[in-house]
Amino acid sequence: MLSYTEWKHVFKLDPAKELSDEDLEAICESGTDAIIIGGSDNVTLDNTISLLARVRRYSVACALEVSTLDSITPGFDYFFIPTVLNAGDPRWITGMHRQALKEYGTMMNWEEIVTEGYCILNSDAKVSSLTEADTALNQEDVEAAAMLADRLFHLPVFYLEYSGVYGDPAIVKACADTLKDARLFYGGGIKTTEQAAEMAAFADTVVVGNIVYEDVKAALKTVKAVKNNGSDDGKNV
Ligand SMILES: CC(C)=CCC/C(C)=C/CC/C(C)=C/CC/C(C)=C/CC/C(C)=C/CC/C(C)=C/CC/C(C)=C/COP(=O)(O)OP(=O)(O)O
Ligand SMILES: O=P(O)(O)OC[C@@H](O)CO
Ligand SMILES: [Mg+2]
């Protein structure tokens, strides 16, 4: 299994959405580096376990991106823990985390835990309303968020989240230039090979989500586009 520090392309699958066995097989066997299971609403223990079991038929790495306490279950290669750096509601910065650690703190394998410093930039995304994110950020503000994640908090991942819309490549580049150690994850609105390649030039890891459910053939094409155009700064590998 590839360490998450080497992932260039990832599919994010939502346990609350339907995906046929045929499409799931194509996604898992596509050459992507990993499957992240996660979503911002209607994620339950049942739909998480069900999707995990289906993905486990394949050898691809599989991570849970934890968004609710109820959906935490063993069996993943990694547990990605978001903290939303521009959240208005502190529960999504450290509140839920402290609650989770009361329950799981003594039984954690810390090697499997990867904290993601999220910066949410699409005001229309569900995740934006959920966390009451302050999305009115200019490039300088986003660079400061990247520095906060990387230099001040030493988070392993800074996640530029445009969920649902294609982001601004200039901002993604600025973050790539700002980060020293943290890996840059980019996610949001990727529908074409051109978009996938453009973001792969700056981001360490490109996350492809909703298009899987809209046009699986287009989703599959993003794998090669990313792998052939990825940034290669040797960070953290
Ligand atoms: C033994 C055992 C099972 C051990 C497990 C160890 C473990 C994992 C312990 C937990 C440790 C811990 C600290 C957990 C944190 C718990 C928690 C709930 C934290 C809050 C996380 C958070 C900030 C969530 C906010 C939402 C968010 C950022 C979700 C990520 C996914 C995402 C952005 C989806 C996209 O959503 P969206 O595009 O809006 O949705 P649609 O595509 O459907 O429109
Ligand atoms: O669903 P899309 O818009 O591709 O975004 C991917 C991911 O960043 C969502 O958390
Ligand atoms: Mg989504």
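Indices start at 1 and increase along the chain as displayed.
Placed from the backbone N, Cα and C atoms, the Cβ positions cover glycine too.
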Among G31, G189, indicate the single residue that TrEMBL lists for the sn-glycerol 1-phosphate site containing K12, Y159, L160, E161, Y162, S163, G164, G209, N210.
G189
For G164 (sn-glycerol 1-phosphate binding site), which residues in the same chain are close in space, meaning a Cβ under 8 Å from its Cβ, but six or more apart along the sequence?
N122, D124, A125, G188, G189, N210
How many neighbouring Cβ atoms, not counting its own, are there within 10 Å of the Cβ of S40 (Mg(2+) binding site)?
19
Going through the binding-site residues K12, D14, S40, L160, Y162 in sequence order, which have a CB under 6 Å from an atom of ligand 2?
K12
Give the distance between the Cα atoms of G209 (sn-glycerol 1-phosphate binding site) and D14 (Mg(2+) binding site), rounded to the nearest whole Å.
8
